[in-house]
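> Okay, handing you the structure first.
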Amino acid sequence: MQLTLEFGGGLELLCESVKVHNVNVDLPKGAEKLTMRDLLSWVRTNLIKERPEMFMKGESVRPGVLVLVNDCDWELSGQLDTTLEEKDVVVFISTLHGG
Amino acid sequence: MENQLFKPGERIAIGASGGKDSTVLAYVLSELNRRHNYGLDLFLLSVDEGITGYRDDSLETVKRNELQYGLPLKIVSYKDLYGWTMDEIVKMIGLKNNCTFCGVFRRQALDRGAALLKVDKVATGHNADDIAETVLLNILRGDIARLSRCTSITTGEDGPIPRCKPFKYTYEKEIVMYAYFKKLDYFSTECIYSPNAYRGFAREFIKDLERIRPRAILDIIKSGENFRISTSTKMPEQGTCERCGYISSQKWCKACVLLEGLNRGLPKLGIGRSRGLNSDVKKDIKQGGGTESIESKQCGSLDF
């Protein structure tokens, strides 16, 4: 599945300073749909090159990281259970820095 | 509106660090000022602590903000005011208690900058998460004096220049979302000296709480506001510093104590339970690995 992932608020530093990634993610074996849960572990394995604890805590993102799926807060669409479709845009923004 | 933050014709300095809170504050204030004709004279005030690789980059962002929002900018630096940059200070005192120095110096620097600009008030970008963290910190350290003051939306009215926090009830998340959708330009890196700051623990806790029950943040602030101290408790009195005339509850203000320590090669002066110039227990209960920190927010974590 083709997806566009964006990292902001300092998270891009964990992915070699690249803010926008156009990726192709395979569905896990036997699954019909791709969920955010699957995507997160895919990102952790394939895109995060350093300090994974800054991005994820347990199964979900670290508290303080905002997730937008097609410009919509993922808390409205079921958080980890949000299903993704072809060409979706997922944005991760960290809020954990000075203002 | 109900907090009566501003009056028409006032000159307001916006504490600007280039980070998300101050950028959004500058944008929102200038927009509202324009749209509703508040008649406010707005300025950007920035503090240069002298942290290479961090502050110099964020100052570039503030300079861009100056052009983007059309607000005149004034930068005050630790080097000019105190003769020390944060880099030099850290070299002398090591990597602990950095935020103590920086926070104290920054507050004064903002006041001095505000005086130079002849403004009536300073507005800072502290958001709801920050205030909730501060309330927790003060409870954890038993600092009653600060606890009763830290939740006021405007502080220091009897001091040099009053300071207000328009974003007191605004969640950090809302500010980030706003900046993202309005495509505002801000700088987002942690201060390189902040990793061991005590505030970090309060922050982790607040973020975990927010995940389970988001209203907790506002509730903590509400509790802090409703805190009442028995009248029989002894509280420190506000006076002035003998050395520089700044507001202080001790003979010498904290900044003078710290500076004296730096200049005499005594980095621990003013840190921990000191018997030095001020035998003062209430004000500095900063033991062990803990310090108050603001993780590079542009105004001190604790207010007078």
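Any Cβ shown, glycine's included, is placed from N, Cα and C.
What TrEMBL records for this protein is below:
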type: DOMAIN; residues: B:12-196; note: domain 'tRNA(Ile)-lysidine/2-thiocytidine synthase N-terminal'
type: BINDING; residues: B:G15, B:A16, B:S17, B:D21, B:V47, B:G125, B:D130; note: ATP binding site
type: DOMAIN; residues: B:239-269; note: domain 'Cytoplasmic tRNA 2-thiolation protein 1 C-terminal'
type: REGION; residues: B:282-304; note: region 'Disordered'
> Taking DSSP states H, G and I as helix and E and B as strand, how many residues of the domain 'Cytoplasmic tRNA 2-thiolation protein 1 C-terminal' (B:239-269) are helix, strand and coil?
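With helix first, then strand, then coil, the domain 'Cytoplasmic tRNA 2-thiolation protein 1 C-terminal' (B:239-269) has 10 helix, 4 strand, 17 coil.
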> For the domain 'Cytoplasmic tRNA 2-thiolation protein 1 C-terminal' (B:239-269), report the average pLDDT of the model, please.
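Here the mean pLDDT over the domain 'Cytoplasmic tRNA 2-thiolation protein 1 C-terminal' (B:239-269) amounts to 82.
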> So which of the binding-site residues is most packed in, judged by how many other Cβ atoms lie within 10 Å of its Cβ, out of B:A16, B:V47?
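Its Cβ has the most other Cβ atoms within 10 Å: B:A16.
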> How many other Cβ atoms sit within 10 Å of the Cβ of B:D130 (ATP binding site)?
28
> What is the total of other Cβ atoms whose distance to the Cβ of B:D21 (ATP binding site) is within 10 Å?
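The Cβ of B:D21 (ATP binding site) has 29 Cβ neighbours within 10 Å.
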> When each of the binding-site residues B:G15, B:A16, B:V47 is checked against chain A, which show a C-beta distance below 8 angstroms?
none
